[in-house]
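Pulled from TrEMBL:
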type	residues	note
DOMAIN	12-94	domain 'Shikimate dehydrogenase substrate binding N-terminal'
BINDING	Ser20, Lys21, Ser22, Thr67, Asn92, Asp107, Tyr226, Gln254	shikimate binding site
ACT_SITE	Lys71	active site, proton acceptor
BINDING	Glu83, Gly132, Ala133, Gly134, Gly135, Ala136, Met224, Gly247	NADP(+) binding site
DOMAIN	122-169	domain 'Quinate/shikimate 5-dehydrogenase/glutamyl-tRNA reductase'
DOMAIN	247-277	domain 'SDH C-terminal'
Amino acid sequence: MHSADRPDRYAVIGHPVAHSKSPFIHARFAELTGEPLVYERVLAPLDAFAPTVRDFAAAGGRGCNVTVPFKFEAHDLAVQRSERAALAQAVNTLRFDAEGWFGDNTDGAGLVRDLQHNAGIDLAGRDLLLLGAGGASAGVLGPLLAARPRRLVVANRSVDKAQSLVARHALWAHRHDVALSAVGLEDCGTGYAVVLNGTAASLQGAGSPVPGAVLGPGALALDMMYGPAAEPFLQWAREHGAAARDGLGMLVEQAAEAFQVWRGMRPPTAEVLRELRTGRAG
Ligand code: NDP
């Protein structure tokens, strides 16, 4: 705590932020761990992200989460970055250290933890298909490769964006012994064990941007979206015999990872995820 009577302040900063479930999640983490903190929503004007973060820090903020569309600007604001944030070139967690702001990206660790721990899928040696090459895919690719799948294919509508994301991760993939490649959505191939949707297609009410043949026997298909917007993709997965999973687990696990960056401890997540699924968060 900063002072004896004031809890430490954190926030999610984005545009929009009204929909964010992060204040509920971090308030529950604080209750469950007994950590003295408060967590707010801060709406940053689209042209004033940096001043908004500086004002929050000057007013006693200790750190913040960063959401759409500011993750790339947050990367540039940090003077020190984790390896995974540097690979992603995007930051979703800032910690306001006195010696300079530290930037991390917890999205990928959150996704991997949800897949491996909550869904019970061992990624090592499996074939993975990652759909999309925007901010969400950039954030998760490094940690996915570190889980050592046999093969990871990044498929995107604009193939050049998938290619540059893959090129940036080539050394990292080599270091983890993963065959990494980029293709267009129409050239995905077939029979993957895990299909991850990081496109914004769900936001436009579409199901899957690829055919059902991408799903191998017993496959898991996960949409990084959650709520009604994820339903068409999840429905598509079930219709093709796959296990379907939304992005709520990833959301809670990336928040737990951010909490650890700030507080040095990992909060329990299962109860909070259950509460979100049963609508307690409102
Ligand atoms: P971006 O705008 O950065 O990227 C969008 C991506 O979707 C691009 O690859 C784009 O392809 C592709 N795309 C858009 N429309 C279509 C379409 N109709 N068909 C096929 N591909 C399409 O968005 P983000 O990467 O930031 O976010 C993507 C999703 O991930 C969002 O739904 C977001 O809510 C979710 N997310 C969830 C998180 C969680 O914790 N659960 C964390 C972060 C994100 P192209 O390059 O060709 O334009």
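Numbering starts at 1 and runs along the chain as it is shown here.
Placement of Cβ uses the backbone N, Cα and C atoms for every residue, glycine included.
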Show me the subset of Lys71, Gly132, Gly134 whose Cα is within 10 Å of Asn92 (shikimate binding site); these are the recorded positions I mean. Lys71
Can you tell me the CA-to-CA distance separating Ala136 (NADP(+) binding site) and Lys71 (active site, proton acceptor), as a whole number of Å? 10
Within 10 angstroms of the C-beta of Gly134 (NADP(+) binding site), what count of other C-beta atoms is obtained when all protein chains are considered? 15
Just give the helix, strand and coil counts over the domain 'Shikimate dehydrogenase substrate binding N-terminal' (12-94), going by DSSP. 35 helix, 20 strand, 28 coil
Under 6 Å from ligand 1 by Cβ, which binding-site residues from Ser20, Asn92, Asp107, Gly134, Met224? Asp107, Gly134, Met224
CA-CA, which of the binding-site residues Glu83, Gly132, Gly134, Met224, Gly247 lies nearest Lys21 (shikimate binding site)? Gly247
What is the maximum Cα to Cα distance, in Å and rounded to a whole number, among the residues Ser20, Lys21, Ser22, Thr67, Asn92, Asp107, Tyr226, Gln254 annotated as binding shikimate? 18
What's the most sparsely packed of the binding-site residues Ser20, Ser22, Thr67, Asn92, Gln254, counting other C-beta atoms within 10 A? Ser20
Quick one: what's DSSP say for Gly132 (NADP(+) binding site), helix, strand or coil? coil
Whole-Å Cα distance, Lys71 (active site, proton acceptor) to Ser20 (shikimate binding site), is 15
The domain 'Quinate/shikimate 5-dehydrogenase/glutamyl-tRNA reductase' (122-169), counted residue by residue under DSSP: helix, strand, coil: 22 helix, 11 strand, 15 coil
Between Gly134 (NADP(+) binding site) and Asp107 (shikimate binding site), how many Å separate their Cα atoms? 13
Same chain, 6+ residues apart, C-beta under 8 Å of the C-beta of Tyr226 (shikimate binding site), given in sequence order: Asp246, Gly247, Leu248, Leu251
Among the binding-site residues listed here, Glu83, Asp107, whose Cβ has the fewest other Cβ atoms inside 10 Å? Glu83
